[in-house]
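Chemist: Take a look at what TrEMBL says about it:
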type     : residues : note
TRANSMEM : 105-125  : transmembrane segment
TRANSMEM : 131-149  : transmembrane segment
TRANSMEM : 170-188  : transmembrane segment
TRANSMEM : 226-248  : transmembrane segment
TRANSMEM : 260-278  : transmembrane segment
TRANSMEM : 290-310  : transmembrane segment
TRANSMEM : 322-346  : transmembrane segment
TRANSMEM : 385-406  : transmembrane segment
Amino acid sequence: MNVITTPKETLHLKSKLRLLPRASPAPYRSQRVQLLPLNALSNSSLTSPARIVSLSQGGGSIDLWRRYASDKFSDMGLDPGAGSDKMFNETPTSIVETLKKANSILPHVVLASTVLALLYPPSFTWFTSRYFVPALGFLMFAVGINSNEKDFLEAFKRPKAILLGYVGQYLIKPLLGFIFGLAAVSLFQLPTPIGAGIMLVSCVSGAQLSNYATFLTDPALAPLSIVMTSLSTATAVLVTPMLSLLLIGKKLPVDVRGMVSSILQVVIAPIAAGLLLNKLFPKLSNAIRPFLPVLSVLDTACCVGAPLALNINSVMSPFGAAILLLVTMFHLSAFFSGYFLTGSVFRNAPDAKALQRTLSYETGMQSSLLALALATKFFQDPLVGIPPAISTVVMSLMGFTLVMIWSNGKEQSI
């Protein structure tokens, strides 16, 4: 008599055969073996490798089913179990990951752009002043698309630090700019537009490079740095024109309404567009985001090299060294002011040193590209744009020099 067995019964019998005693170490021979229940199988478990992997978490007889199914799939040239952890847990190195790391070479790019612009100006002279505004807008868009409301909420838990950063940006820094601007005209006998250019640099918001510098030195405080820079950037639409009128207005005419409109277009609109794109279209944002670092590096290289190349005659003129000295002293004073002011206010905080470094970056690094864009658009004399052009390079090199010094100091203290 022929006996007809169903697929389930066949697998049930095979599971019994697989449980026959085998040569195993003595301590395990007395263990009780649980047979695979007949009703443990289903059509979905027979056809879905994903189901096989999930069932294995139940242990016991289910693990036996996984072993049997794995053998059968191996006979077919497949192995759904082996290597599954590796497949899901390992992230292969790809061009996307390489693009994301492009910001790590930013200091080298800034230095290389400076040297290239001084040695061979035609390499950047094609990047004329009409490109400064869209270039800066792109950097602001990159800031917006990489921002997250959770980081901001966490950083807002430290209002005292945020307020101190704002004071450094729009009180201490403009005061220093006014002092060095007057020194340029009265002590160094430089043209009035040069002094106005130094003052204009001191009136703009914080630089996004300060966020990256903080991330390299104290990653935990990077969100706080972003909040401080974003706050100074958002309010620059009103504060920068007012400060410019107060400090420069008696020396050169200042178009306040024009500055407000320009900052809205160059700063506020791109950041808002990035935030909205990140919020409403996250998949599109994720697709764009890996390419932003390398594009931002190239953008920054042009924004650093072009001002020097376009103003090479003024930079290399007899008063070029005096401008370089004044701009360097201005930034150096701003870095030190932010550091020591924070030390006096947060001397008892557990992360006082990290806060000092963060506020130093925030006070010493300004959005010199914004000052350059405003100088080329709202001041007829091209000399106003020379201090912002030099400031772009000096601020970047000094900031990343401090990154190397403080990072090495932290490693030696561990």
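In case you wondered, yes, glycine gets a Cβ from its N, Cα and C as well.
Would you situate these features in the structure and describe their surroundings?
Modeler: Same-chain residues lying 6+ beyond the ends of the transmembrane segment (105-125) with a Cβ under 8 Å from its Cβ atoms: 209, 212, 297, 300-302, 304-306, 308-310, 312, 315, 393, 396-397, 400, 403.
Sequence-distant contacts of the transmembrane segment (131-149), counting only residues of its own chain at least 6 positions beyond either end whose CB sits under 8 Å from a CB of the stretch, comprise 208, 211, 226, 230, 233, 262, 265-267, 269-275, 277-278, 285, 288-289, 292, 295-296, 299-300, 302-303, 306, 367, 369-370, 372-373, 376-377.
Long-range contacts of the transmembrane segment (226-248) within its own chain (CB-CB distance under 8 A, at least 6 residues past either end) are made by residues 140, 143, 147, 151-152, 155-156, 161-162, 165-166, 169-170, 174, 177-178, 181, 196, 199-200, 202-208, 210-211, 254, 256-257, 259-260, 263-264, 267-268, 271, 362, 367, 370, 374.
Residues of the same chain lying 6 or more positions beyond the ends of the transmembrane segment (260-278) and with a Cβ under 8 Å from any Cβ of it are 133, 136-138, 140-148, 205, 230, 233-234, 236-238, 240-241, 284-285, 288, 370, 373-374, 377-378.
Residues 96-97, 99-103, 105-106, 109-110, 112-114, 116-118, 121-125, 127-129, 131-132, 135-136, 138-139, 142, 145-146, 369, 372, 385, 388-390, 392-393, 396 of the same chain lie 6 or more positions beyond the ends of the transmembrane segment (290-310) yet place their CB under 8 Å from a CB of it.
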